[in-house]
Ligand SMILES: CC(=O)N[C@H]1[C@@H](OP(=O)(O)OP(=O)(O)OC[C@H]2O[C@@H](n3ccc(=O)[nH]c3=O)[C@H](O)[C@@H]2O)O[C@H](CO)[C@@H](O)[C@@H]1O
Ligand SMILES: C=C(OP(=O)(O)O)C(=O)O
C-alpha cells in the first residue's frame, strides 16, 4: 500500500491546475449508457474512481478508450450486452449505483450490486429504489443485488412520475434525471439536489437531446424523449470544486500565495467566505482563483449542508485549517452520521478536538507535530495531508488508496507548489 511522506513547514507558492470534477465525471460516464452513439467527454480526471467506472462500463460490453495521455475519453455504449454491475467491480465505489437509472431506461432491466458500506455513514439507497419504482420499475433486492425490470409497459419504457425524496440526494437526483430522459411523459423532481455536478450532468444530457428545465434549482422537470444521441462536440466536465477547495485550505493552513487555474469561484462561495473570515485574501480574475495567506488563520466555525451551503466534502479539510488556527471553532456535520473519522488521526498530530455526536469543537494549536497517521476515507486523507504540510518534522499518511480514489496527482501538484511531499510505493 502506498504512503505519502510529508516534511511540513513550507509555504505553498505558484500555480496549480484543477482537474475535472470526480462527482460530475462518474454520472456523466454513466450517461453514455443512454445512447447507442459513440461520444466524447473532455476534462475527465484520471483518478481511481474513474478507472473503476471505466472497468464497470467495459464489463457491460461498452467501448471506453482514453485519447492518448489526454483527459479525453471516447465512450461507445452501442455495444453493451449485459446491463449488470457485479459486486467485485462496485465494492470500492458507491457511485456505481449511477448505472441503475440509465440501464433501466435504455434496456428496461438492470442488475446492480448494492454499493459497499462506507466509513462516512451507512448510505442507504432506499430513495433511488423508491423513485425508480414510482417510474414503473419492479425492483427487488436479493443476495446483495438490486434487480430491476420494467414489466407490463409498452416497449419496456419507464413512465414519467412526480418524485419527492425524503431528503436531498445528489446521486439519487442524478439517477432520476438520467432515467427520466428516456421515460414516457413528464417527470418532476421535487427536493432535487442543486450541486454543480447535477447541473453539469443536466447540461450534458441536454446536449444529447434531453428536454430538461429547472436544473440548478430544487425542482427539475424532464420531458421524456424517444432516444438520445451523442453531443455534437465533446462535453467538458466542470472543474472539481472540492479539489480546488482542498488546495485553498492547504494554502490557508500552510501559508503562501497560489493561483488555481480552471476553477470556478462561483461554485465555492460558502468556502471562500469562511476562508476570508479566517484571514485569507482570495480573488477571482480571468478564470483563475488566487489565494494568499500571510498570517496564522483565525478559527472559523461552520455547518455542512446541501449546496449552495457549506459542502460536507470540505468539512475535513477546513477542520485541518482550524487545527492550527488561533481560537476555537465549532463544526457541525449534518449530512453523514460518521464523518469525523479524521479526528483521531488529527489528534495524533497534536490537534485539540472534541467530538460530541455530530458536533466537533477544535481548539487551535500553534504547531502540529509530524507522526504516522492512517487515511480512513477520501476527504479524511486530504485533511491529513493538509495537517502534514503545516506540522513539524515528518508526517507519513498511510492507506492513501482512499486519496487516489478522488484526487488526480495530488502529491505532484503540491510538489509543484513547493511542498516537500513524496509517495512511497509499497
Ligand atoms: C459520487 C458523488 O456524487 N458523491 C457525493 C454524493 O454522494 P451521495 O449521492 O451518495 O450522497 P446523498 O446526497 O445521496 O446523501 C445525502 C444523505 O441522504 C442519505 N440518503 C441518500 C440516498 C438514499 O437513498 N437514502 C438516504 O438515506 C445519505 O445517507 C446521506 O445522509 O453527495 C454527497 C453529499 O453531498 C457527497 O458527500 C458525495 O461526495
Ligand atoms: C464521499 C465522497 O465520494 P463518494 O460518494 O464517491 O464516496 C467524496 O467525494 O467526498
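Yeah, the Cβs are placed from backbone N, Cα and C, and that goes for glycine too.
According to TrEMBL, the residue from 69, 313, 356 that belongs to the UDP-N-acetyl-alpha-D-glucosamine site alongside 94, 123, 124, 125, 126, 127, 335 is 313.
Residues 94, 123, 124, 125, 126, 127, 313, 335, recorded as contacting UDP-N-acetyl-alpha-D-glucosamine, have a largest CA-CA distance of 22 Å. Taking Cβ-Cβ distances under 8 Å and a sequence gap of 6 or more within the same chain, the neighbours of residue 127 (UDP-N-acetyl-alpha-D-glucosamine binding site) are 165, 166, 167, 169, 172. For the pair residue 124 (UDP-N-acetyl-alpha-D-glucosamine binding site) and residue 23 (phosphoenolpyruvate binding site), the Cα-Cα distance reads 18 Å. Residue 125 (UDP-N-acetyl-alpha-D-glucosamine binding site) sits 17 Å from residue 23 (phosphoenolpyruvate binding site), taking the CA atoms of both as reference points. Taking only the Cα positions, the spacing between residue 313 (UDP-N-acetyl-alpha-D-glucosamine binding site) and residue 23 (phosphoenolpyruvate binding site) is 11 angstrom. Neighbour counts of Cβ atoms within 10 Å were taken for the binding-site residues 22, 123; the minimum is at 123.
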